[in-house]
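Here is what Swiss-Prot says about this protein:
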BINDING   30-37, 147-150, Val176, 184-187  ATP binding site
ACT_SITE  His37  active site, proton donor
BINDING   Gln61, Gln153  (R)-pantoate binding site
BINDING   Gln61  beta-alanine binding site
Amino acid sequence: MDIINDIATVQSRCLQARQAGQRIAFVPTMGYLHEGHLSLMREGRKRGDLLVASIFVNPTQFGPKEDLASYPRDLERDAELVREVGVDILFHPTPATMYPNGYKTYVHVEGLTKTLCGESRPGHFRGVTTVVCKLFNIVQPDIALFGRKDFQQLAVLRRMAADLNLPVEVVGLPTVREKDGLAMSSRNVFLSAEERKQALALVDALRQARVAAHHGEHHARRLVGLVRERIGREPDAQIDYIKICDGDTLEGVDRIDANSVLLMAVRIGQTRLIDNNYILEEV
């Protein structure tokens, strides 16, 4: 595996692969990798001849009061993990490489970015779409793999790729969870032991909502109320949002159907967690 820091070298390696008829699979990350990231890379290994991963803590997707400085980083650990799953190229640029002096161009997807995380984190998705568009242009993958835990991000990136005619298939894979059901996240490391217990309220609330839906409760407002009540029992939980939306448009729904997704963002102590599930998915 090669660790590459400069754009030109990555572009050259990927161009050589394409000219040789190879299929390029790409997994972009912000590092501090967990099993969720590694599962994406294993799937990319199956689907591509050349597997490229990137680690870049993207400053443009963090707000002024968010955790950019404290976001966990451990390149040596991450490099060993990606080597073990068969990554061919690990692209690890610096902020100055991605955003040199005088940088002025940003990518913004309208509509899908106004709700959910976009409402509470203004500018976040502009940073996400900008950096992913740049990475797509650098690597020019045939397929890019993302986790469904970041459901809104996945919808936004699919819209961006379609609207800009980017020749890449954006694939979403199911959320990978800890043994107790908590969605894997690099930010879980910030949870204290007590907060970690309270975070399981998200898992329990999702389960309760799905059980209620399977027993015939199809009013979105009532299901959201059930989830809100369950999470509200935890002393350190602060709800950002809980919504049931159409899985394609992210617009709110009154009554659920097979494409309805329950999405939530909850702060446990100082750690912001997100989770989601199709409400009528098997319990």
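Cβ atoms are placed via backbone N, Cα and C, with glycine included.
Features per Swiss-Prot, on structure.
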residue: Met30; record: ATP binding site; DSSP class: coil
residue: Gly36; record: ATP binding site; DSSP class: helix
residue: Gln61; record: (R)-pantoate binding site; DSSP class: helix
residue: Arg148; record: ATP binding site; DSSP class: coil
residue: Gln153; record: (R)-pantoate binding site; DSSP class: helix
residue: Val176; record: ATP binding site; DSSP class: coil
residue: Ser186; record: ATP binding site; DSSP class: helix
How big is the gap, in Å, between the Cα of Ser186 (ATP binding site) and that of the residue listed as 'active site, proton donor', rounded to a whole number? 10
I want to check the contact list for Gln61 ((R)-pantoate binding site): same chain, sequence separation of six or more, C-beta distance under 8 angstroms. What comes out? Gly123, His124, Phe125, Arg126, Gly127, Val128, Val131
Same-chain residues at least 6 apart in sequence with Cβ under 8 Å of the Cβ of Gly36 (ATP binding site), in sequence order, are Gly147, Lys149, Thr175, Val176, Ala183, Met184, Ser185
Among the binding-site residues Gln153, Ser186, whose Cβ has the fewest other Cβ atoms within 10 Å? Ser186
Densest Cβ environment (other Cβ within 10 Å) across the binding-site residues Leu33, Val176 belongs to Leu33
In Å, rounded, how far does the Cα of Gln153 ((R)-pantoate binding site) sit from the Cα of Leu33 (ATP binding site)? 18
His37 (active site, proton donor) and Arg148 (ATP binding site), compared by Cα position, are separated in whole Å by 11
Please identify, from the recorded positions His37, Arg148, the residue with the sparsest Cβ neighbourhood, meaning fewest other Cβ atoms within 10 angstroms. Arg148
Show which residues of the chain containing Met30 (ATP binding site), separated from it by at least 6 in sequence, have their CB under 8 Å from its CB. Ile55, Phe56, Val57, Asn58, Tyr71, Ser186
